[in-house]
């Protein structure tokens, strides 16, 4: 269940020496074809890292032959030298694999504002290329981890078509903080052996990301390096129905997005905030997101306190269509707020399980959206203060 | 230095029994005239508490004779019964003081989603009325505290005018969490003995609030109960120059706003984030506010870590006019980011003092704005989880 499940892909994860811990920190994923189609979604942060600028150019013709990823340094806010380092990394991959640098995507993650140690990156590329195997997906998934406590992989396989052909969609992801809208501090590589042209890949990827990664909001902070790459080799000979493909891709993205939230820095609760009966999907999404970003609400959930006033006060700051006197809120199935007023007893709410569901009924329409987030904990503060850096 | 410094005002603070702690929890401020002019700014939260709905009506004719304030319960999300309770409180004040209920403003603060114990509120009003004195300002400031650790007061006195007359502006505030834009979980009452009509009062108050309370952003959460009330008695016989009055009022508001930030829940650093050389004041404000709302940045400051990448990544999520390669960032005077890239060494930044200044130079214009915020600490999480409720 990884980026090497789909036919036509090899991968590797090695230790280049970028991390003080000595853990693996460089991954390589190679598409051996016959197709080299690709689509991507990048961070919308206007302070974008050097690898984002580079990879946007690489993706412009819809072709990617390989992706090189490093943890241990974001290569963001590093100026012309940082961009030259990304370029040199791609050139090195091209050289050792006999490819063109303009078909090599680059991803980086780690601290912003430090130059990458190229004396370690370039030998790391050679080591990764030498380690490429058709079952290297798990090693690659491990090498891209930063503060992640577990590696994240997902797989979906299509049913056989009329000709007995099927295809797979497999992915890996990293990210544990700075998880917010328009992606997160996350790198995601998804591969498929279906035969799909770049335009259709792009449409499917945007559809899937919109309702998965873009609805995971751990801490409201958007990274400079977010990348979701989708590579298609066509090696299965299956040409998919695009509705089916998009559904499978969305499932893979949702699994990875949930895994990111489930491993978010210091979290003790995973919270699904669903706004239903909204006037529009946009309204449902902004209401859920506003609650997901309330530190007061998130701290209350950490303390197992069903403080629904903090839900209502967050909802009230949005411009969504609603009547304050017609809002219902349930936490873990108990309707503690009814018609904008006191509902069932807070004491009935059991917040000891890790999974928490918050349901906000706006009574204003038919649309619905869910945002996944976490609680705000001592451990989040600890991990993100200097004690951990 | 309080709401009773200006001539024409009496105040009191008493214990009605709303707080389990037994601390004072009910305040009353009375204007004895000769003018009864008033202006107010209320929360823009669409889930507004019952006293907000009531007081908006009271203020509609620009006249307020008295303000009654309770801590120990927000009377928000309490439905028709909550509104009736606010009304009954105003009626009680009117009865004991011989006034009209429609000239009595009401403010409440505390937990959302619980009905007020009227069997304690109404006797509390009687006790407060009996305790009214011309030096009761400090007692009133104490009675409106919730998680505040100190009461907050401020005073400004005008120079003598050509006729030897001067006037005072004195205020009190409460608020320690849920401090965000469009006010905070805060109640503020400001009094003056200047002679000013309600329209001019309103204009001055909005000018002052815009650059003070609305730029204090402790945790991005906006309350259902925020109120800033300004009462003018005219008792000094001074008729002020409005530029001078607005300047004095802004100073009082700024002092109170800084006091709120200085006492914010669990904070260990007070952070002033100034964005300068912006294309517009709006751009400067949103850039500073976005940084002020980054949990990652706030946690880094808690850990004395000058992690400027978290400043840049927050700036990058805004739509302000800037070129990422022309941004400079200084923390406590050290320019650690120059032209969007690595500047002076992080090691030069001393973050041990409580006061922290962050200066973001967008190099895009001439406008400037400062947002005041705090760091994100273990104590904030602790105070806002169930452990404290």
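In case you wondered, yes, glycine gets a Cβ from its N, Cα and C as well.
Database features (TrEMBL):
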| type | residues | note |
| --- | --- | --- |
| ACT_SITE | B:185 | active site, nucleophile |
| BINDING | B:146, B:174, B:185, B:265, B:384, B:389 | substrate binding site |
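Known features from TrEMBL, placed on the structure.
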{"residue": "B:146", "record": "substrate binding site", "CB count, 10 Å": "22"}
{"residue": "B:174", "record": "substrate binding site", "CB count, 10 Å": "29"}
{"residue": "B:265", "record": "substrate binding site", "CB count, 10 Å": "26"}
{"residue": "B:384", "record": "substrate binding site", "CB count, 10 Å": "29"}
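DSSP assigns residue B:146 (substrate binding site) to coil, not to a helix or a strand. Under DSSP, residue B:174 (substrate binding site) is assigned to a strand (E or B) in the three-state scheme. Proximity to chain A, defined as a C-beta distance under 8 Å, is registered for none of the binding-site residues B:146, B:174, B:265.
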